[in-house]
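Annotated features in TrEMBL:
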type	residues	note
DOMAIN	803-859	domain 'CBS'
TRANSMEM	76-97	transmembrane segment
TRANSMEM	133-154	transmembrane segment
TRANSMEM	175-192	transmembrane segment
TRANSMEM	236-259	transmembrane segment
TRANSMEM	271-289	transmembrane segment
TRANSMEM	323-347	transmembrane segment
TRANSMEM	367-391	transmembrane segment
TRANSMEM	459-478	transmembrane segment
TRANSMEM	515-541	transmembrane segment
Amino acid sequence: RCGCGAGLCCCCCGERESRTPEELTILGETHEEEDEILPRKDYESLDYDRCVNDPYLEILESMDNKKAQRYEALKWMLVFAIGVCTGLVGLFVDFFVQLFTQLKFQVVQSSVEECTEKGCLALSLLELLGFNLAFVFLASLLVLIQPVAAGSGIPEIKCYLNGVKVPGVMRLRTVVCKATGVLFSVAGGLFVGKEGPMIHSGAVVGAGLPQFQSISLRKIQFNFPYFCSDRDKRDFVSAGAAAGVAAAFGAPIGGTLFSLEEGSSFWNQGLTWKVLFCSMAATFTLNFFRSGIQFGSWGSFQLPGLLNFGEFKCSESDKKCHLWTAVDLGFFILMGIVGGLLGATFNCLNKRLAKYRMRNVHPKPKLVRVLESLLVSLTTTIMVFMASVVLGECRQISSSRHSGNGTLSLQDISEDVNSSIKTFFCPNETYNDMATLFFNSQESAILQLFHQDGTFSPVTLSLFFLLYFLLSCWTYGISVPSGLFVPSLLCGAAFGRLVANLLKSYIGLDHIYSGTFALIGAAAFLGGVVRMTISLTVILIESTNEITYGLPIMITLMVAKWTGDFFNKGIYDIHVNLRGVPLLEWETGVEMDKLQASDIMEPNLTYVYPHTRIQSLVSILRTTVHHAFPVVTENRGNEREFMKGNQLISNNIKFKKSSILTRAGEQRKRSQSMKSYPSSELRNMCDEHIAPEEPPEKEDLLQQMLERRYTPYPNLYPDQSPSEEWTMEERFRPLTFHGLILRSQLVTLLDRGVCYSESQSSASQPRLSHAEMSEDYPRYPDIHDLDLTLLNPRMIVDVTPYMNPSPFTVSPNTHVSQVFNLFRTMGLRHLPVVNAVGEVVGIITRHNLTHEFLQARLRQHYRTI
């Protein structure tokens, strides 16, 4: 089965009595503990493995070296186009964020200056509220149009790169709502960033551009029969996600490592080059246009990313100043520990908020989500305004600000050197430190904390950190597009600057460079929240353009991750778990090797024969949710010895109560849909095998199913009666495995009428090309939507030319770690379990390899021992 099953719903809640989490879910029982994971839905897996069938082999035979080179060149051109388009999306977001933010602050600042003397500050607050509420309202409306556009999108991209298809996450409507919504969210004063949504936007561009089609633009169709597979699409999504990171931070190498670290299963050298090339294209496209628009010097490449940390450089007049020394590493390690603790606290609070929203906000009308977003905006605006007016301190402007030294990067992004200094209610030559942080764009606030020569009071830094920590935690998860990188950087930078002030004031370490401590604090807090190491280290190094920071940043991130992992997971992994997505980790625990493939596989197979009647295929497709079916023939010669001597088959026949009840319930639910089929024979046959509508008791139902003759599907031999029943033992007779065929392939064959009659040879069956088989990718028709009135149910379909004759398989005795590594590394969707004599005995999917499922089976294994 492709999706995750019901057995994963309560797996993180502990045990109740002696039942496994999957049994509790099947029997309708749930946990009441605080850490219960909410009900999850099924997710479809992606298949990175190639289906080497006859249509695919025909393409290989017709492809010579020149065609292969043109195909590869086309890939490089598309990768370049993805990078350029991602850079243009970033330019669009940045341009309008700056436009709206400058307009808002100019109006409000003028009002504050006038009202300071007239005593009408309430009017200034109302003006600020008007701007922010209007912008946030527009952002919420866009999320109502496309709900998956909410949040940062990084959890969804992690899932996709890990091999899980999240519905709607790669649509054109999503990227339009995401990019437009995030600029309103940021301009509306919410404590969110635009860097996370940029990664999502780049991934959507990578998914859609090579397809040259979109559901939102149905009338625009191009005949482009290339790259119509999950394998190609995932490669382009990896390149697009990396391009999004590169555009956000000006870090092409960091973007490449992000795609590798955050979930991509299969990776090779060719993909690395393409992803890096795409990241470079995005970085320099954005840099070219931003530098030209902002400075008028086209081709100067002065602004590499949306977020610029500036140049870290000591003042030339301070000979004792160093960016960092070996002694500072001790402080950096302590900051990493504190950052990990703060990050774990942030994640814990946000998880509780997310659960509360899932239970109390999301089930209600959509207007409630908009009202929540407006409430957050209202609270944030009032807190920011009051903190700036009441709690800000007047600090002396440092004379070095006018000395032209390179420590202040604000000179590179503003025509007026002092434009980012806010003098609210302060006399000449002083500035309001709280207003300087709050009444600027987030990028300017980061630069102030990194490079401001003047000091921020410890009280201001503490209050700024506390407000940003709480409000950004509350904001992340509301129904607006929102990123988490910039709020985390601001929280951490305030924390690091506070540490530097305390060291200078109370310990007398005047030689330390405050900007370095602000940067390390930002890395510590961000690492404690997101728990990324390799890619985040390189991203921060590329953003600072200072390689000497490599060691302290790496040490700080490692310590923050280790500290945070002791308490909970990273914020993105938490939201992935709350969505119920079956994400596969990099590897399994050592204790899982006590299990074998036969312990975790699904033994109750639904399979087809090489030559199968149309009525049987329709029956299978309409009464199951499986996405792949083994193609088998019966091995009757070994049946007697097999049934007597193979303990595995004996175990399979002794079904668990939970498995029986699940299959029975699923059969009752789906059997009614078969009555829409025009054949009266099939309707009668379906009615014959429907389970009783209301079984008296679960225990009686189990006993009936084990004792009497029961079969939900007709026999699949074309030369036998479809109504012949099998006993339970016959359902597990030896089946020689020949290959695997997907649901989408069977539906395509039925939709195009690929079949032959009993009086004909299978050679008379029409043949479909690879382009025809993949024409409907990625949205194949549903079996219930097909018009099959013109097909004779007695016609036969030969599936052998279209099945995958050589999928990856494992032995029943293979250890779970080997199964897991094969499944994840090769990006598989289904893994058949085949014994030594070539007989299929089970199948393994992503659901069977999730941490929760393996833990449940391990507990069951211990109880058996």
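Even glycines carry a Cβ here, placed using N, Cα and C.
Between the transmembrane segment (133-154) and the transmembrane segment (367-391) there are 3 or more Cβ pairs closer than 8 Å, counting only residues 6 or more apart in sequence, so the two stretches are in contact.
Assigned with DSSP, the residues of the domain 'CBS' (803-859) fall into helix, strand and coil as follows: 23 helix, 15 strand, 19 coil. Counting Cβ pairs under 8 Å to the transmembrane segment (175-192), the top-ranked stretch among 236-259, 323-347, 459-478, 515-541 is 459-478. Within its own chain, the transmembrane segment (515-541) has Cβ neighbours under 8 Å at 245, 249, 251, 253-255, 257-258, 260-262, 309, 312, 323-324, 328, 331-332, 335-336, 338-344, 346-347, 407, 446, 449-451, 484-485, 488-500, 503, 547, 549-550, 552-554, 556-561, 563-565, 569-573, counting only residues six or more beyond its boundaries. A contact between the transmembrane segment (76-97) and the transmembrane segment (459-478) is absent, since fewer than 3 of their C-beta pairs, 6 or more residues apart, lie under 8 Å.
When averaged over the domain 'CBS' (803-859), pLDDT in the model lands at 89.
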